[in-house]
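Below: one structure, written as structure tokens.
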2 protein chains.
Amino acid sequence: MKRIAIDMDDVVADAQARFGEWYIRDYAIEFTPEQLYSARIEDLIKPEHNGCIREYVFHDDFFKDLPVIAGAKEVIADLHKQYEIFFTTAAMEFPNSLLPKLAWLGEHFPYITWKNIVFCGDKSIINADYMIDDNVRNFNGFIGKGILFTAAHNHKTEWDTRVNNWQEVRAMLL
Amino acid sequence: MKRIAIDMDDVVADAQARFGEWYIRDYAIEFTPEQLYSARIEDLIKPEHNGCIREYVFHDDFFKDLPVIAGAKEVIADLHKQYEIFFTTAAMEFPNSLLPKLAWLGEHFPYITWKNIVFCGDKSIINADYMIDDNVRNFNGFIGKGILFTAAHNHKTEWDTRVNNWQEVRAMLL
């Protein structure tokens, strides 16, 4: 059975939505979804807010109750019938994210047990056939095939295999 | 540069010592080091204490301030000059261990950054040349060479490559 390593933030968990939500809360400036998903949060906000926004990810609540990216639940449930699924997230950079991420996976993907969850840093440590990730740097040294998942920050990134949403993952792998 | 994946409990962090320490605390029954490191804790204690002992690992403090296994610091510092070192621990089974383990590594191995720390479950997900581990089940499906590190519970386990202490790791890999 082939194995797929699936990233969390901006692939299954909508961290960009949290940035938008907190930015409204703190500065009363709202983005349309089109704006929010068109560019990095740093490129959308007023420059003087940059320092504050960068602190968001170190806050205990940032990773709690993130929305699930559209289609992720349905497509991963179907992938799970034909592939070994591992969630592989570079969570070590944000120790505050470890327990919220684990709780989040338990809530939304309860059939993926602790055995198939990986919190890591450098993803070249991952042994899988495919990796679905929104950062091409995570494909450096990866022994399988990297599939770039479109996110606000990677529209201009060049990579040979890209999917724009979970329906395109389904079309590619099922 | 070849890569070594190193387990934590009973390889670099002395979890068996913690069992012994808490068993004295709770039941006033002490083991000699020879006893403690000769057999699984379950085989040493009175059978009626078994249920309590099994709860120890779910306690918030179990993984805090564990002693470092003799020789681990010195030998890993030397290995680090010739190999990529990753700590790879099946921490996901014990969510209470995540933050204590990260703090412990930061204290005792500060030169190993978050990029080279992996909290996982099934270790067949690890892409490395060598894995030093006290559980042969972690070598199932591992693509590199498994090196069994002697621990109280594995004296009778059969495996082709075994090291009894960190000096033997040095002799094998340096």
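Even glycines carry a Cβ here, placed using N, Cα and C.
Predicted automatically and left uncurated, TrEMBL annotations should be read as such.
Here's what TrEMBL has on this protein:
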{"type": "ACT_SITE", "residues": "B:ASP7", "note": "active site, nucleophile"}
{"type": "ACT_SITE", "residues": "B:ASP9", "note": "active site, proton donor"}
Point to revise | Densest Cβ neighbourhood among B:ASP7, B:ASP9 (active-site residues), 10 Å radius | key: B:ASP9
**Study point:** Three-state secondary structure, which DSSP defines for B:ASP7 (active site, nucleophile)
**Key:** coil
